[in-house]
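Student: Structure incoming, see below.
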Amino acid sequence: MAGGGLTNTVPGKRAHLYEHKFTAYFAFTCFVGALGGSLFGYDLGVSGGVTSMDDFLKEFFPDVYRKKHAHLTETDYCKYDNQVLTLFTSSLYFSALVMTFFASHLTRKKGRKATIIVGAISFLVGAILNAAAQNIPMLIIGRVFLGGGIGFGNQAVPLYLSEMAPARNRGAVNQLFQFTTCGGILIANLVNYFTDKIHPHGWRISLGLAGVPAILMLLGGIFCAETPNSLVEQGRLDEARKVLERVRGTKNVEAEFEDLKDASELAQAVKSPFKILLKRKYRPQLIIGALGIPAFQQLTGNNSILFYAPVIFQSLGFGANASLFSSFITNGALLVATVISMFLVDKFGRRKFFLEAGFEMICCMIITGVVLALEFGHGKELSKGISALLVIVIFLFVLAYGRSWGPLGWLVPSELFPLEIRSAAQSIVVCVNMIFTALVAQLFLLSLCHLKYGIFLLFGGLICVMSCFVFFLLPETKKVPIEEIYLLFENHWFWKNIVREESDQEQGKPNRKSVVAA
């Protein structure tokens, strides 16, 4: 466990004795947990489509509707630049970042399962309010409840999947969250494609159908098991062992169960996990997992493209149905990429996916920016060839993101933190993610209006910075048990001098030699 110098018993030292078999029960629990991603994904996909529907704009944002159809030559980039309209999207994420702190307390005290259930209920209430909305305040209130569902779900689900998964398969299992997120986005785009033809209330159907994944998650959450880690943390040892035996498919779980108990003892000794997280020995986890990766995931610009794909394509001259269909194709790339990542991330590792895909994303953003600079703006129509090129480039960008920063942005933070600070750290992960999600969502259309093609070059520069961050500071974590992650940092060229100093002071003995190579 990270900085595991608090006791002579080092959690994870029995990892080579762990056994597991694939079972139907394990598959069921992971599927139910992963449904949390579908809430996030459906909202990502549905919001941009709804905000480009004429019926929705006429009812709530008539000024945007008139600007959209005015064909003003000076507003090619600015047709949808309306801060109240973007508040419709971003209010959910501002709500989520606040709710994640309540979710952290609930996750630690009552477990991951309880947090998943509360998130499903909150999201269901929000879907009902949005579908029935009569005015903008009712829309925003509904979004706040949806944000509560996202905050609770994103707090619990990555932890749930990481704790249920065997170390050797943790990457693939954790990426079920991203897979269902992508599935939700794809379904939302398909729904928008058809409801856009249902006048005048097709948008209500799109928003109301968000209740379907919430109901599935609620029912599944009631019947799924709590994680063994959480049960041990709550002192329910007999139940924890039974669940561990069921999800591992074997009675021989003594080694793993003892490590869970050792980790829980460390966790119980921590009375202020947020304060503990600030210690030097947790500095790598704080900077990389809690702050860096969650922020960078949003600064890739991908979620902006997902939020506003229909809006972007309409701004570039595509028709309403064509823009929805183009964004549907683009999000299909996200789903395909996630499947690729699920099967290969535990073979090739996290760093290779981050760096290889990062190079592709930089190239795509540069191409997009250059093409728009040369071919778009001031009322100039894009040719079919240029339009097709932009769709292909955005497709390739999403394909790269979908196997790197998309799934790994949730996977890597969830596997970095030891049990004693895991809930607190995950709340910071979700909070940082939602802060940057909300800011990017609120400012993207404004930035598109004022920076024009430069916004894509800016994203390209940011991806270059974050790729350097990964190259120099993130060690490879594939197939390393969570309880042994701290060893990676104790042997990392940069972090070792930071984490070892405090660990040695607490132990009063020389540096430990690691069994894991950075």
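For all residues, glycine too, the Cβ spot is worked out from N, Cα and C.
Here's the feature list from TrEMBL:
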| type | residues | note |
| --- | --- | --- |
| TRANSMEM | 22-42 | transmembrane segment |
| DOMAIN | 29-478 | domain 'Major facilitator superfamily (MFS) profile' |
| TRANSMEM | 84-102 | transmembrane segment |
| TRANSMEM | 114-133 | transmembrane segment |
| TRANSMEM | 139-161 | transmembrane segment |
| TRANSMEM | 173-191 | transmembrane segment |
| TRANSMEM | 203-225 | transmembrane segment |
| TRANSMEM | 286-313 | transmembrane segment |
| TRANSMEM | 325-345 | transmembrane segment |
| TRANSMEM | 357-376 | transmembrane segment |
| TRANSMEM | 382-402 | transmembrane segment |
| TRANSMEM | 423-447 | transmembrane segment |
| TRANSMEM | 453-474 | transmembrane segment |
Student: Top stretch among 22-42, 173-191, 203-225 for CB pairs under 8 A with the transmembrane segment (139-161)?
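Tutor: Comparing 22-42, 173-191, 203-225: 22-42 has the most Cβ pairs near the transmembrane segment (139-161).
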Student: Counting Cβ pairs closer than 8 Å, which of 22-42, 325-345, 357-376, 453-474 has the most of them with the transmembrane segment (203-225)?
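Tutor: Looking at each of 22-42, 325-345, 357-376, 453-474 in turn, the most contacts to the transmembrane segment (203-225) are made by 22-42.
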Student: Quick check for me: are there 3+ Cβ pairs below 8 Å between the transmembrane segment (22-42) and the transmembrane segment (325-345), leaving out pairs under 6 residues apart?
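Tutor: Answer no: the transmembrane segment (22-42) and the transmembrane segment (325-345) share fewer than 3 Cβ pairs below 8 Å.
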Student: Under a criterion of three or more Cβ pairs within a distance under 8 Å and sequence separation of at least 6, are the transmembrane segment (357-376) and the transmembrane segment (423-447) in contact?
Tutor: no
Student: When you check the transmembrane segment (84-102) against the transmembrane segment (382-402), do you get at least 3 Cβ pairs under 8 Å, counting only pairs 6 or more apart in sequence?
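Tutor: Contact between the transmembrane segment (84-102) and the transmembrane segment (382-402): absent.
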